[in-house]
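What Swiss-Prot records for this protein:
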ACT_SITE  THR209  active site
ACT_SITE  ARG210  active site
ACT_SITE  ASN211  active site
BINDING   GLN208, ARG210, ALA308  sulfate binding site
BINDING   GLN208, THR209, ARG210, ASN211, GLY304, ARG305, ASP306, HIS307, VAL348  ATP binding site
REGION    1-178  region 'N-terminal'
REGION    179-410  region 'Catalytic'
REGION    411-530  region 'Required for oligomerization'
SITE      HIS214  site 'Transition state stabilizer'
SITE      HIS217  site 'Transition state stabilizer'
SITE      PHE345  site 'Induces change in substrate recognition on ATP binding'
Amino acid sequence: MPIPAPHGGKLQDLVIRDSSIRSDLFKEIADKKYKTLTLSPRQLCDLELILNGGFSPLTGFLNEEDYNSVVHDMRLSSVKNEKNGKGLLWSMPITLDVGQEFAGKLSKGEKIVLKDLRDEKPLALLTVETVYKPNKQTEAEKVFRGDPEHPAIKYLFETAQEFYVGGSIQGLDYPTHYDYIPFRKTPTELREEFSKLGWDQQKVVAFQTRNPMHRAHRELTVRAANDLGSDGHILIHPVVGLTKPGDIDHHTRVRVYQQILKKYPDGLATLSLLPLAMRMGGDREAMWHSLIRMNYGVDHFIVGRDHAGPGSNSKGVDFYGPYDAQELLAKYKDELEPKIKVVPFRMVTYLPDEDRYAPIDTIDTSKVNTANISGTELRQRLRDGTEIPGWFSYPEVVKVLRESNPPRSKQGFAIVIDSSDSKQGEYLSFALQSTLNQFSGERRITKLSSEQATPFIVNELVKSGSGVIVPTKSNQSDIIKAVGSGNSIIVNFNGEQNADQGIFSLKEDLTSVIGEIVEYLVSQGFYQQS
């Protein structure tokens with residue numbers, strides 16, 4: 001089947017390329033001294049997809065009327081569906097949040113220069129249509145179901161500012177990327193690639209992921225393509241913008257995707273990266289992802305169990321049901337098809353007795369041996385340096401993961417000393433450095449002064465595999481937050497002690513405390529027992 005038309009019928013491409021118009025715009029910016037707004041990481045991701053058409057039919061950040069319509073009805077008020085006369089489907093509010101002081105200086109029709117936070121490069125001009133204060137509680141409840149622990153709701157109340165600015169965009173340039181350029185394709189570029197590959201009259205199923213891929217993912221995507229017939233193909237389309245806090249970094253993941261791409265039959269799959277800021281919005285996010293893939297020229301989209309869900313809250317309650325996303329998309333099937341069809345994710349499992357994968361819904365697990373490795377177990381195996389079996393993942397993928405997730409024996413750590421007694425703290429630092437340097441291995445032991453020990457510097461040293469000794473008076477908690485509690489040891493003077501959690505007190509003599517710290521480092525795998 002031919003490449004589907006974009007959502008709304010027109011693929012937006014808002015970057016102005018005419019040299020004379022661009023010259024006039026930059027002169028206008030210089031002459032009129034427009035207000036400037038430096039974008040946050042999420043706003044930057046959103047702007048890129050507005051500019052390149054990934055968010056078609058949007059031509060800017062939502063004005064108040066469109067925002068309210070999306071929040072309450074999952075539809076745009078300004079763009080109509082030609083078939084039913086209703087607002088066009090759009091499930092996620094794309095908003096530009098600003099502070100009260102900045103908002104108070106804006107007026108309708110005014111232009112704002114939007115800048116990249118990394119290099120201050122002007123990316124776009126926004127013409128103000130509306131400046132409004134959203135009801136964040138309503139947004140939280142309608143869009144994300146209201147649980148205050150939901151990461152998008154935490155962002156809404158803890159990070160997003162009080163006012164939203166809606167308006168249309170004139171694009172000056174895309175944000176600059178320096179990594180994986182061949183894989184960063186815009187919707188226009190990806191559609192052109194499909195034509196070059198001869199896929200423009202065939203079927204393409206997109207696979208969305210924010211995690212590394214293993215053998216099971218390769219198996220399920222190949223099955224999805226085969227189910228489409230002899231003309232089925234696969235787009236591996238991972239998110240490399242903002243994902244869930246704690247996810248594996250995109251550099252590691254892209255290296256994994258490059259390796260696993262080689263494991264597909266020739267001509268079956270291609271890889272492109274999506275600079276999306278995920279909201280982890282479950283069913284609404286699945287709808288959003290489907291519309292985005294339509295704009296990228298895909299006609300089938302795999303929607304998995306708990307698609308784009310953030311898991312469960314601190315009480316163990318899931319934010320979304322396992323099939324909420326599939327059910328919502330089925331409800332709007334008539335408006336999505338024939339442009340894009342949802343392919344329900346068929347979970348596969350390994351059958352060790354037969355050395356093959358099979359869809360779990362086709363076997364009787366009470367009669368057949370199955371094997372699987374959970375994400376938690378995989379992380380533990382990486383941390384311990386234990387074997388990851390070949391039936392689970394490819395050696396090339398495991399190698400990439402081990403490079404980015406070394407075992408504890410090669411990881412760095414920080415010993416954070418509460419140096420309220422500066423002389424004793426300095427002496428303990430010296431004693432620890434001397435003690436730890438006597439052990440064999442590649443790990444360097446670095447002692448920083450309180451002035452040198454910013455959270456960023458300590459974390460960078462720990463990430464490089466160093467042991468860092470940090471006497472500090474004020475920013476102890478910030479350093480531990482940056483490094484992570486699993487790689488931190490705390491030493492305080494006359495305070496609490498919990499050796500099992502890496503917290504030590506100098507109530508005892510210095511030699512005993514150093515011995516306990518060394519014992520703890522050995523027990524956690526940072527050093528091998530001699």
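The backbone N, Cα and C atoms fix where each Cβ goes, and this holds for glycine too.
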- Query: Going by C-alpha distance, which of the recorded positions ASP306, ALA308, PHE345, VAL348 is nearest to HIS214 (site 'Transition state stabilizer')?
  - Reply: VAL348
- Near THR209 (active site) (Cα-Cα within 10 Å), the recorded positions in question, chosen from ASP306, ALA308, PHE345, VAL348, are ALA308
- Item | Chain-internal residues, separated by at least six, CB under 8 A from HIS217 (site 'Transition state stabilizer') | PHE207, THR209, ILE260
- Message: According to DSSP, does HIS217 (site 'Transition state stabilizer') sit in a helix, a strand, or coil?
- Response: helix
- Note on the structure: Rounded to a whole number of Å, the separation of the Cα atoms of ARG210 (active site) and ALA308 (sulfate binding site) comes to 9
- Query: What span in Å does the ATP site cover, taken as the longest CA to CA distance among GLN208, THR209, ARG210, ASN211, GLY304, ARG305, ASP306, HIS307, VAL348?
  - Reply: 19
- Which of these recorded positions is closest to GLY304 (ATP binding site) if you go by CA atoms: GLN208, ASN211, PHE345? PHE345
- Item | Nearest-integer angstrom distance between the alpha carbons (Cα) of GLN208 (sulfate binding site) and PHE345 (site 'Induces change in substrate recognition on ATP binding') | 11
- Query: For the recorded positions GLN208, THR209, ASN211, which one has its C-beta crowded by the most other C-beta atoms within 10 angstroms?
  - Reply: GLN208
- Message: Nearest by CA distance to PHE345 (site 'Induces change in substrate recognition on ATP binding'): which of the recorded positions is it, out of ASN211, ASP306, ALA308?
- Response: ASP306
